[in-house]
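Enquirer: Let me begin by handing over the structure; questions about it come next.
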Amino acid sequence: MKAVIILGLVLLSVTVQGKIFERCELARTLKRLGLDGYRGISLANWVCLAKWESDYNTQATNYNPGDQSTDYGIFQINSHYWCNNGKTPGAVNACHISCNALLQDNIADAVTCAKRVVRDPQGIRAWVAWRNHCHNRDVSQYVQGCGV
């Protein structure tokens, strides 16, 4: 009985952690989901963005006390503008999606919403982490050796 309880706790902790992608696994997944070259943005830039926003973690969240919004998922998509968490005052929900959908191991919804974000005038510049860590830098290392 004790072993069953311990196993249950281990499985619960794995479930809560979510998926943390390996760099090349993420590159292949993003390519398959159509981000390579989307709106002129290279695959390496998308992988760089995910590295610095979430460290490739689908379950990453970050609360922003200033506007009471939260950033969700592998791309840290914000609840004030892009998704609905039912808590953020004045939320727009431009992606027409629940923020919880952005925390799934299957990142198809997160990719669809990221595509919506970059269609706005700011494009990929909407992400501070991209501006601080990827913009005007050699980002080829993020896809090097991945065969993509």
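First residue shown is number 1, and so on along the chain.
Any Cβ shown, glycine's included, is placed from N, Cα and C.
Bear in mind that the values here come from a model prediction, so they are computed numbers and not experimental data.
OK, Swiss-Prot features for this one:
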{"type": "SIGNAL", "residues": "1-18", "note": "signal peptide"}
{"type": "DOMAIN", "residues": "19-148", "note": "domain 'C-type lysozyme'"}
{"type": "DISULFID", "residues": "CYS24-CYS146", "note": "disulfide bond"}
{"type": "DISULFID", "residues": "CYS48-CYS134", "note": "disulfide bond"}
{"type": "ACT_SITE", "residues": "GLU53", "note": "active site"}
{"type": "ACT_SITE", "residues": "ASP71", "note": "active site"}
{"type": "DISULFID", "residues": "CYS83-CYS99", "note": "disulfide bond"}
{"type": "DISULFID", "residues": "CYS95-CYS113", "note": "disulfide bond"}
Enquirer: Which Cβ among the disulfide-bonded residues (CYS24, CYS95, CYS113) has the fewest C-beta neighbours inside 10 Å?
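Expert: Lowest Cβ count within 10 Å among the disulfide-bonded residues (CYS24, CYS95, CYS113) is CYS24.
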Enquirer: So of CYS48, CYS83, CYS99, CYS134, CYS146, which of the disulfide-bonded residues has the fewest other Cβ atoms within 10 Å around its own Cβ?
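Expert: Least crowded of the disulfide-bonded residues CYS48, CYS83, CYS99, CYS134, CYS146, by Cβ count within 10 Å, is CYS146.
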Enquirer: So if I draw a 10 Å sphere around the Cβ of GLU53 (active site), how many other Cβ atoms end up inside it?
Expert: 22
Enquirer: State the three-class DSSP label for CYS95 (disulfide bond), counting H, G and I as helix, E and B as strand, and everything else as coil.
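Expert: DSSP call for CYS95 (disulfide bond): coil, neither helix nor strand.
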Enquirer: In sequence order, which residues at least six apart in the same chain have a CB under 8 Å from the CB of ASP71 (active site)?
Expert: GLU53, ALA60, THR61, ASN62, ASN64, ILE77, ASN78, SER79
Enquirer: Grab the pLDDT values for the domain 'C-type lysozyme' (19-148) and give me their mean, rounded.
Expert: 97
